[in-house]
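Peer 1: One structure, pasted below without further comment.
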Amino acid sequence: MLDIERVSLECEFNNLDHRTDLNGVDRLIVRRGQAFSISLYLRPGTSYEPGTSALTCVAETGPQPSEEYGTRAVFGLSPNIDTSCWSAAVTSPPGDMVALSLCASPQAPIGRYTLRLGSSAEVKLILLYNPWCSGDDVYMERKEDLEEYILAQDGLIYRGDRKFFWGSPWSYGQFESGILDACLRILDMNPKCLRNPGKDHSGRRNPVYVCRVLSAMVNCDDDHGVLRGNWSNDFSGGESPMFWRGSVDILRRWTSSSCAPVKYGQCWVFAAVACTGQTSPSVFNSVLLCLIYTFKSNTSPNCAVFRNYHCWVEGWMTRPDLKNPDFNGWQAFDATPQERSDRVYCCGPVPVRAIKEGMLTAKYDAPYVYAEVNADLVFYLQKDDGFKKKIINSTMVGQKISTKRVGSDQREDITHLYKYPEGSVEEREAFKRAGHQNKLLKEPEQGAGLKLSIKVSENMEKGCDFDVFALVSNETDSEKECRLLFLSRVVSYTGVLGENCGFKDLLKVVLPPGGERKVPLKLNYSKYGPELTQDNLIRLAALLQDYTTGNVYLTMRTIVLTNPEIRVRILGEPKENRKLAAEISLKNPLPQPLDMCCFSIEGANLTGGTVLTESLGHSVAPGEEAKAKIYFTPSHSGLRKLVVNFNSSQLCNVQGYKNVIIGK
């Protein structure tokens, strides 16, 4: 047996080769299914001799390592490295220094390992999934996708209304100091690990298992999870979900508080932190999605409660458990605590293809995800005599499913990956497989009749007065006399309605055959401003009653008020380890002064994983600019996103970002 005096893990070379160097080079972090090299320095008087020298290697993970569970591997020297299993081979000539090449099985559990080299040496390493390895369940072929879904440290989260949405910047920060350890701690703190650590560590070979654990652990409803949800408007004792601009601060707060849940999160925060969790310890490919118009359901494809949008995550992996190659690829999962699955608040992963085909027996939680993108929206109109009329909208839910486009900041609409085109034969076949009776029984839209829609102004900026319009048209050959109610109320993204901010009731609207009428409604800042939530949303509703037939028509629209633009200018030559300044400005759009103004910035590899702030010591008058200069020092080269935020007593959570190319 080789008598080893010391070992050099060659962390700088190996971590760079395994694309983990941004996690640091002070320890060995490698990927399964890919060889890495270490140097063994033998004791004086001993040397390596091919064919004579021997070495037994033992790799172990978890508190109860077992060959049966796959958490312990014993292997010796081979002539060559075998990337399909744990293996070791000497790549140096005879002598007192041995270059040893090792490789972990592409099916090995991920996590922290102890590697014993004979009886005289022991080293530590961290093993991750390997999307660059064709033998790994998370293998992804395209280089552009790997750059986007594994190596990119920031992204955009789309929110808003189906006719107006925007991308909010988010710093995932998976390579920032302490984040890999935080994500591994998430796995160690999950109840399955606490109950049976040996079985849990064995399960970590399977990205489906890890995905399911992550979905449960990002929320804290059943465990020592990361975030506590809060869908009220009272965020005392914590931060508003709108406060967060990145995952790093959240994960560091969680680890530094002995895994006490961080307050507070809503769907996009849960999704973004889960996205960091995927790209850090599990390192299977991830994408964050936004669905415009969704709901909270009870696993019934026909039941929904209205909500403006929802965010969840996808992970890329094979699904050998489903025995259908069409189900390999993107898997949807959701960390927002909405329903229990196997008695735990988690959701997925479920193949996106299964959702599109209406195959609701596919694991996991296919009925729920199917409902998120296909449910009908049902309203009840109650008359003075107590009679209720049901009004169904079958097309509003599941529109504009969006994610960031690979390699750019443009939005990509991927609704077609979840749903067939409206009215197509394929869509009807999917409905049959899903048993979606409401959709199958839907009657074709009638041709001529009364039509009702809502139109809005082009510029609807927060702080301004503007008009919205109800458009009524008569497509019949007879005169129509109607009543029109046109109203507006502030609303949160969860659908909770606030106070009225504009109302009009026209008892007699006369429309000649083929006639049209455009009814304006003025929305004044003095009325909507004090009631507006941080979501900047106003719900518009128009209700039309045909006196002749008694028919009632309803249309609704949620509008998004835009915040002022944050302008950012970088001062200095952007190079790593060089101090730069971000010159930031914002024009006050409100008819009142802004008090207690504060700018903040953060960015992966730009601000050291911290949020840097600069407060203004004065008020900003209407029409004037708030200005600040914040200094930061980039730590690594590459394209980085500097996330900027502005807050004041009157204007909160204004977001912006600046792409910065950092040179070496």
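Using the three backbone atoms N, Cα and C, a Cβ is placed for every residue, glycine included.
Just so you know, TrEMBL annotations never went through curation; they're auto-generated.
TrEMBL lists C267, H310, D334 with the feature active site. The feature Ca(2+) binding site is assigned by TrEMBL to N374, D376, E422, E427. Taken from TrEMBL, the feature domain 'Transglutaminase-like' applies to 259-337.
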Peer 1: If you count other Cβ atoms within 10 Å of each one's Cβ, which of the recorded positions D334, E422, E427 has the most?
Peer 2: D334
Peer 1: Select the most exposed residue of C267, H310, N374, D376, where exposure means the fewest other Cβ atoms within 10 Å, treating these as the recorded positions.
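Peer 2: Lowest Cβ count within 10 Å among the recorded positions (C267, H310, N374, D376) is D376.
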Peer 1: Report, in whole Å, the straight Cα-to-Cα distance of C267 (active site) from E427 (Ca(2+) binding site).
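Peer 2: So the alpha carbons of E427 (Ca(2+) binding site) and C267 (active site) sit roughly 28 Å from each other.
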Peer 1: Considering Cα atoms only, can you say which of C267, H310, D334 is the nearest neighbour of N374 (Ca(2+) binding site) among these active-site residues?
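Peer 2: Going through C267, H310, D334 one by one, the closest to N374 (Ca(2+) binding site) is H310.
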Peer 1: Cα distance, H310 (active site) to D376 (Ca(2+) binding site), nearest Å?
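Peer 2: Each residue's Cα considered, D376 (Ca(2+) binding site) and H310 (active site) end up 16 Å apart.
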Peer 1: Calculate the distance in Å between the alpha carbons (Cα) of H310 (active site) and C267 (active site), and round it to a whole number.
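Peer 2: Per the Cα atoms, H310 (active site) and C267 (active site) stand 6 Å apart.
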Peer 1: Cα-Cα, whole number of Å: D334 (active site) versus C267 (active site)?
Peer 2: 9
Peer 1: Report the mean pLDDT of the predicted model across the domain 'Transglutaminase-like' (259-337), rounded to a whole number.
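Peer 2: Over the domain 'Transglutaminase-like' (259-337), the predicted model scores a mean pLDDT of 75.
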Peer 1: Roughly how many angstrom lie between the C-alpha atoms of C267 (active site) and E422 (Ca(2+) binding site)?
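Peer 2: Here the two Cα atoms lie 27 Å apart.
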